[in-house]
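Per TrEMBL, the features are:
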| type | residues | note |
| --- | --- | --- |
| DOMAIN | A:97-256 | domain 'Yip1' |
| TRANSMEM | A:111-133 | transmembrane segment |
| TRANSMEM | A:153-173 | transmembrane segment |
| TRANSMEM | A:185-203 | transmembrane segment |
| TRANSMEM | A:209-227 | transmembrane segment |
| TRANSMEM | A:239-261 | transmembrane segment |
Amino acid sequence: MEEGYSSLPTSHLLGSVPAAVAEDKTGGAASESSSANLQSFPPANGGYQAPGSAYGGDEQATSSWKGVCSISSYTPYFNIDTDIVVDRLITSVYPLNDFTRKIDGNPDMYGPVWISTTLVFMLAALGNCATYLMRKRNEPDAVWNFDVTFVDWAACVIYGYALAVPVAFYFLLQYVGCNASLIHLWCMWGYSLFIFLPSSLLLVAPVEIFRWVIIILAGAASSWFVAQNLKAYTEGSDLMVLIVSALLLQFALALFIKIFFFM
Amino acid sequence: MSYGGAAPLHQSSQSDIDEIENLINDSVRFGPATILPARPPSSPRASIPVSSSPFVPSALHPLPSSNKKPLPHFAVPSFSAGPSPQGIATDGLGPPTNTLTEPIWDTVKRDLTRIATNLRLVVFPNPNREDPGKALRDWDLWGPFFFIVFLGLVLSWSASVKKSEVFAVAFAVLAAGAIILTLNVLLLGGHIIFFQSLSLLGYCLFPLDIGALICLLGSNVIIKMMVVLVTFSWSSWAAYPFMSTAVSSRRKALALYPVFLMYISIGCLIIAVD
């Protein structure tokens, strides 16, 4: 059980066997790149891992599946520490292309779930503030009115996007023959939403030009992140159409956020 | 199955002993799915107080069970006005007391006492707070239920438009939030009992309830913000020890962040609802 090993000071070795890491360390750059292909420890198949399979995590995950209603089936996707989550968050905004490598051995669902939830609440709250400030600027005697439907809309849009778009791309990638892992796609799309959190704080300022600049920058950064990682994920195959459509979808989400919540 | 009239005890007490023993024997014999046939209650009948010694012949209480026909099985939770969610009330004095025949006020009082005790343990400073095993050993879900519904109602009263939507959002966020927060801790490899955690998160809403009530009465935004800030800190302080000891120290922030997120969003809802 993973809990039994939590006292070991090995947070950087998550997902890998300690003996294997000793050899990797001499050549490895970021510590997470040494997390090899083992998804969970102790390994469920007695340690057997198909050689050369970059998505061996999938086999490990399915082998420890105990049914939809058992918590222990989902625990491998939350096998994550605070410092690793923070590291992934920073990587999602910093335009270097190693996010895919970082989540390769240990994709987590903690990030996507809580980033989406935070974004829902922030959009609802800040959207109301921003709408009020904008109205107050145009007519000085505007009264504060809390529109609670912003919560409903934000929840539907953000959760729907974060759930449905990776599923759609999963099926599309399978259709064109590229072996894809749904968990990696969910993880990547979830972390791509992180940049909207600080930008929605900035969007409260009631200056229209400023708002457009912010959202275009944030949308562009987020779309670039998605496109880069999708390209790295489907290495080898030329799927420019898919990548461009992912980029456009992300940008469309950014525009929708601006138009609906911060107008 | 009556023992006849030669017993030295008071007649009503003997019938009570009979009834209890019959119920126990029948439960052992028939298993948990049986509905036992009704026995005509004898009168005047002594009620069986929960805490004091039984068989005090006080003929003051009318029979609460005189209108109920089939006596449900002994192990089923009592169906009086304030049912205890924990099943049989055993107080350690020999045969278990029958919560079906006690006065309704006793049941309600017992539940209210438990809510008050748990509240005192969780929300107010006391030396046992650091140990989750001791702190909320006798958890219940009535307290959290009342607090969640009360908070939803207060927010709904505060709103001038879309009252029912406000209630729906508040109730959904709190109820689903408590469940999701508990699942979050379990998924991160923490060790908690599911319902104990639900219970604790519900009790920690009590300061926000007070804050919402104060905000309902006042209307100045600055005062609202101060009140919500104070009560939010109080709620977080109440929830912190339990959540942080449940997971390993490297994941403490991951377990605590969603708790703060939920309380902050409820705090913002309290300030924002006009």
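Each Cβ is built from the backbone N, Cα and C atoms, and glycine gets one as well.
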Non-local residues, at least 6 beyond the ends, that sit with Cβ under 8 Å of the transmembrane segment (A:209-227): 92-93, 95, 99, 188-189, 192-193, 195-196, 199, 202-203, 243-244, 246-248, 250-251, 253-255, 257-258, 262
Interface-richest range of A:111-133, A:153-173, A:239-261 toward the transmembrane segment (A:185-203), CB pairs under 8 Å: A:111-133
Spatial neighbours of the transmembrane segment (A:111-133) far in sequence, C-beta under 8 Å, 6+ residues away: 80, 85, 88-89, 142, 144-147, 150-151, 154-155, 158-159, 162, 186-187, 189-191, 193-194, 196-197, 200-201, 203-206, 257, 260-263
Overall pLDDT of the domain 'Yip1' (A:97-256), taken as the mean: 89
